[in-house]
Amino acid sequence: MPSASLLVSTKRLNASKFQKFVSSLNKSTIAGFASVPLRAPPSVAFTRKKVGYSKRYVSSTNGFSATRSTVIQLLNNISTKREVEQYLKYFTSVSQQQFAVIKVGGAIISDNLHELASCLAFLYHVGLYPIVLHGTGPQVNGRLEAQGIEPDYIDGIRITDEHTMAVVRKCFLEQNLKLVTALEQLGVRARPITSGVFTADYLDKDKYKLVGNIKSVTKEPIEASIKAGALPILTSLAETASGQMLNVNADVAAGELARVFEPLKIVYLNEKGGIINGSTGEKISMINLDEEYDDLMKQSWVKYGTKLKIREIKELLDYLPRSSSVAIINVQDLQKELFTDSGAGTMIRRGYKLVKRSSIGEFPSADALRKALQRDAGISSGKESVASYLRYLENSDFVSYADEPLEAVAIVKKDTNVPTLDKFVCSDAAWLNNVTDNVFNVLRRDFPALQWVVSENDANIAWHFDKSQGSYLKGGKVLFWYGIDDINTISELVENFVKSCDTASTLNSSASSGVFANKKSARSYSTRSTPRPEGVNTNPGRVALIGARGYTGKNLVSLINGHPYLEVAHVSSRELKGQKLQDYTKSEIIYESLQIQDIRKLEEQNAVDFWVMALPNKVCEPFVETIQSVHGKSKIIDLSADHRFVSESDWAYGLPELNDRAKIANAAKIANPGCYATGSQLTISPLTKYINGLPTVFGVSGYSGAGTKPSPKNDPKFLNNNLIPYALSDHIHEREISARIGHNVAFMPHVGQWFQGISLTVSIPIKKGSLSIDEIRKLYRNFYEDEKLVHVIDDIPLVKDIEGTHGVVIGGFKLNDAEDRVVVCATIDNLLKGAATQCLQNINLAMGYGEYAGIPENKIIGV
C-alpha cells in the first residue's frame, strides 16, 4: 500500500483535541453565556452578573459549583467545536423569547419532574429562556376514572363538560405549581402563567362542550416574565372574550405560541421520547411531511392524540419557514436536541420528496441541473465546465438522487467495481435542514458499498468521517468508503486514489475533487463594468416590502417616498400590523402581515412590480418559491445573504459599480450585497491584479448594523467609550468579499459607539516595487472616474462625514517603505449605500429607470 496517512474515523474528540476544545470553550463560550464568570479562587463572591436585560443574582456559596456543574453538563452534551459554534451562532442571535417553545406532556411532570426541572435549570443557567407550556392529560384521566367517569374523546379532542372542566382546571393549577416549585428549589426564577395568554372561541360547543379554538395570543405576560429574568411556565387554558374558561389541547396551544414567536426550536416532551410506530414498536426518528403525511395518517395505529398531534404539527409547519422543524423527545434528550446536530427522538419537518433519476432528461430542466451543479467547487472555480460535465453524464452509467428544488444533488457513477459518489452538491439550506442525511440514507439503502473524495479542509469533514467506514489522506484530499471488508479491494481503491492525486499534482491542480467542497468562485473586478443602461421607463412601479420594520426598510421607504416613479403598494410586518407606515406621504399605507397565500394572490393579480425581501437570513425562501410558482412578471430583490453565493444566472449580484449593469438590469432576481462587503470590495478591487498575499480588512460599524433586536452590540450604554470585536474569522462577509474579488481576505468586524456608518482600514500586500504611491492614487481615480457614488480623496475619510450620505469615500492611501503593502481607508453608510441606496440602484436598473433616480443629489459626496 502506498505510504500516506491512513485515518481511523472516530466520533469523539481525542485527548489533545479535547484539551484544545475545552480551552476554546473557556475563552469564547463560557464567557458569553455562563450565568457567572469562572474565577479563582472559588471563595470570590459573584454578584449582579447581567444576563440580557434581566438581572440574575448568584450567591457566593453556590455560584462557582453551579457554574462548574453547568459547564460540565454542557460539555457532556456538546462534543464538537462545530456544535459550540452552533450554540453561539443561533442561540445568541435572537431575542430571548425566540429561543424555544417547549411543550411538556403531563406524564413528564408526574414521572420525570426532577429531570425536567434540572434540564430547564441548565438552560436558565446558560442564559436561555424557553417558553414552557405543559399539559395535564394523565392527571385529568386519573382523577376522572377515580370518580367512575370514563374520559370521552372525539378525533383526539377531550369532550369537556362543566364537571370535566373543573377537574381540568384543578389539575392544571396543581401541575403548574409543582413544576414552578421544583424549578425554584434549583435556584431558577420561574413565573406561573395559568391564564391570560390565549383568547379563544368555542371549537364546537354542541360537539366538544367547553373546548376552545385559539384566536389570538397575548405576548405581554410571557415577554414580561422573560424580561424580569424568570422562565414563563404556561398552561393551555384559554378564555373567551367574556371570560369563560375553555380547555385547549396543549399541543395545539404550543403550536399557536410557535406561530407567534417563531422560535429557533419547537420541542414536544413526552414520556415515550418520540412517536412510536404502532406496527413495529420502534421509535420513528424522522417524518418528512411532504412525502409521508398522507400515508402516515392512513395507518391504523395513528389515532386519537397521535393523529391530532401530527395534524397540528403539519398545520404549524405549513406556515413557518421550510427550515423549521418540531422535535418530539423525552426529557433526558432535551439538551442533546438543543445543542447537537444529531438531535434525538422524532423530528418532524416538511422536507422534500427525494427523486431518483438515471438520465439528464429526467430532471425538471437542463437549466435546473446546471444551476445546481454551479455549487460544485470544480465547476464554480472554472476548472470544469457544466457543459462538459453534462456531456460526460450523457454517456455514463449513473444514478442521481435529489430533493425537489435540487438543493441537494448526489450523482453516483456505477462504472467502477465500487460505485463512486462523483458529485454531491448541497446548498447551505440543505446542510442546515439535514437534507444531506436524507440523501445519504438513500445512498446507503441502494449502494451496499460506496467511495468518495473530500478536501481535508471541507467545513463538513466530521460529517464525512461519521458516514464512512474507513478513510485515507493524501495531498490534502481524503478518500472515504463504506461497505468494503476485503483488504485487497481497499488496497486497489487507495492505489487508484493516490495515482489520481499524483496526476493532479503534476497538472498543478490544488483543488479537491469537488465532492462536498466549499470553495469560492474566482472572479476579478480588475476591468470596469459595462456601460450604464439609459433610463427610459417613466411608468409607475409598485413595490412590496416584506419584513420592513428594521432600519433598512425605513430608509428604503424614505427613498421611495422621494422617487419620481416608485410607490409603496404593500408593506408587511407581523409586529406592526394595522399601524400606519410612517414618513410615507404619497398615500396612506397600513402595515399588513402577508402570508404565503396573500403573496400568491398578489402575484397572480399582477399587483406588485418589485418584491423587496427585507428578512433575516434563511427566512425568505418560501416567499420566493411562492412568487416564482405563479410565473408572473414581477422581480425580486433579497437583502439577506441567502442568494449572494448562488449562480448569477439565477440571482444577479447587485453591486453596479463592479458588476455588469446590463446583467442586473435584465435579472428577475437580485441579491443585494452586504454593507461591509460592498465597502471592502470597492476598496480592494482596483488593486486586484496586484494582490500578492492575504488582504486584511479591519472594519468598525455603527451599532445600527447590529439590527433592532436588543443585544450588547446595539446597546448605546454598553457601547459608551467601548469597542466590541465579534466574528473575527469566517464571518459571512469574509466569504462574500473573497468570493467576489477572487482572492481570500481576512475580515475583522467591530461595533463602535456611533449609530450608523462604517470605517474600513484595508491592508493589501502587493508585489514589491510594482506600484508607487502616485500610481496607486491615479489607479483609484481612473477606476472610479465615472462612478457617481464612489468618491476618491487623498485624505483619510471620516465616518462623521459619510453618515446619512449615499456613497463610498475611499482615501488615506499609504505605501509602506518596503513598497510591498498598500493601506487604503474607506467609509460607507451601512444603512444607505450599504443597504437601502444600493437596493434602490438595483431596482432602478431592473425597472429601466435612471440608476440614481430617487437618490438625493445633496446627499452624495463629491457631487
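Quick reminder: no glycine exception, Cβ is built from N, Cα and C everywhere.
Database features (Swiss-Prot):
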type     : residues : note
TRANSIT  : 1-65     : transit peptide
DOMAIN   : 353-505  : domain 'N-acetyltransferase'
MOD_RES  : SER359   : phosphoserine
ACT_SITE : CYS675   : active site
Which whole-number value in Å describes the distance between the Cα atoms of CYS675 (active site) and SER359 (phosphoserine)?
43
In the three-state scheme derived from DSSP, which category covers CYS675 (active site)?
helix
Could you pull the average pLDDT for the domain 'N-acetyltransferase' (353-505)?
86
The residue listed as 'phosphoserine' has how many other Cβ neighbours within 10 Å of its own Cβ?
11
Within 10 Å of the Cβ of the residue listed as 'active site', how many other Cβ atoms can you find? Include all protein chains, please.
26
